[in-house]
Amino acid sequence: MDALTRAWLALLVFSGLTAAASTLVGGGADTRITGIVVLVLALLKSRLILSRYLGLADAPAWRRGFNLSLTLFGLLLLGLYLFPTL
Amino acid sequence: MTDHAPPSLLEELPGDLMMWVLIISELLIFGAGLVVFLSLRISDPIGFAEAQSHLDRTSAAVNTVILITSGYLAAKGLHLRLNARRTAARLALVVAAALGAVFIAIKSAEFADKAAQGISYDTHPFFMLYFLLTGFHAAHVVAGVLVLLLVAWRDTPEDVEMGAAFWHMVDLVWVLLFPVIYLLA
């Protein structure tokens, strides 16, 4: 199986886990925890798309830059999301 | 003996530089939209949660799978084209575009459902940003479908690479929009 197909399957798995986390939200789970899980999964998905779909796996410096930027952006979103609960 | 200088940073970047400028610009625009969305939510988390409960998470999750699979086919189409398998590449690109059309159909049904519920952009700030961000993204999906069909027809490797990259940008934006707008209660 090639790297692209593995990436697609991983994206499907991450999407399934996201759906499971959203079901937990509906079931009364702590939304802070499920929110963190959902954002981490979104970050993992975006990294895979950049790396395998857009080909940054062959451009490690750019991949590191994008991953760092996305991680910082994810932390900003997480901070804004959790702010009302503080 | 030949000297092999390592590629410069710009040379290392796959595809066309201008496409990456567009991808980064779009990510910044949608990223700013998501920051505004969560910033407004701070002043009214209960109102945002109530508004969000009117969204159809299942159809949005289905749309995620559709876009991810469509992106896979677009990437596969590029690989096939680079290996001179033009017919298979065209087929992959056309199916990718067809999945994009399915995404639009589901999104249209979602918007129609909101209209039937009497929900519009001025119902609540949540819906103003929901319609703005998902509507703007849907416009990109429409453009992406047309681009995929265009590069399936005029299929130079460079054009296919550009068309696929545009489509992956649409995919990338959606995997960030979806959890924030539909799931972060």
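Glycine is treated like the rest: Cβ placed from N, Cα and C.
Remote same-chain residues near the transmembrane segment (B:17-38) are listed as 10, 129, 132-133, 136-137, 140, 162, 165-166, 169, 172-173, 176-177, 180-181, 184 (criterion: CB distance under 8 Å, separation of at least six residues from the stretch ends). Here TrEMBL flags B:17-38 (among others) as transmembrane segment.
Residues or ranges marked as domain 'Heme-copper oxidase subunit III family profile' in TrEMBL: B:19-185. Over the domain 'Heme-copper oxidase subunit III family profile' (B:19-185) the predicted model carries a mean pLDDT of 94.
For B:58-75 (among others), the entry in TrEMBL reads transmembrane segment.
Within its own chain, the transmembrane segment (B:87-106) has Cβ neighbours under 8 Å at 59, 62-63, 66-67, 69-71, 73-74, 76-78, 80-81, 138, 141-142, 144-145, 148-149, 151-153, 155, 160, 163-164, 167, 170, counting only residues six or more beyond its boundaries. The transmembrane segment annotation in TrEMBL covers B:87-106 (among others).
The feature transmembrane segment is assigned by TrEMBL to B:127-153 (among others).
Residues or ranges marked as transmembrane segment by TrEMBL: B:165-184 (among others). Same-chain residues lying 6+ beyond the ends of the transmembrane segment (B:165-184) with a Cβ under 8 Å from its Cβ atoms: 15-16, 19-20, 22-23, 26-27, 30-31, 34, 37-38, 52, 55, 57, 60-61, 63-64, 67-68, 70-71, 74-75, 96, 100, 129-130, 133-134, 137, 140-141, 143-144, 147-148.
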